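Visitor: From Swiss-Prot, here are the annotated features:
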DISULFID  C1-C6  disulfide bond
MOD_RES   G9  glycine amide
Amino acid sequence: CYIQNCPVG
């Protein structure tokens, strides 16, 4: 993911 609030990287 490109966002910090992503449950799984």
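Glycine too: its Cβ is placed from the backbone N, Cα and C atoms.
For each listed feature, how buried is it and what is near it?
Guide: If you draw a 10 Å sphere around the CB of C1 (disulfide bond), it holds 8 other CB atoms from the protein chains shown.
For G9 (glycine amide), the same-chain residues lying six or more positions away in sequence with a CB closer than 8 A to its CB are C1.
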Visitor: Specify the count of other C-beta atoms within 10 Å of the C-beta of C6 (disulfide bond).
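Guide: I get 8 for this one.
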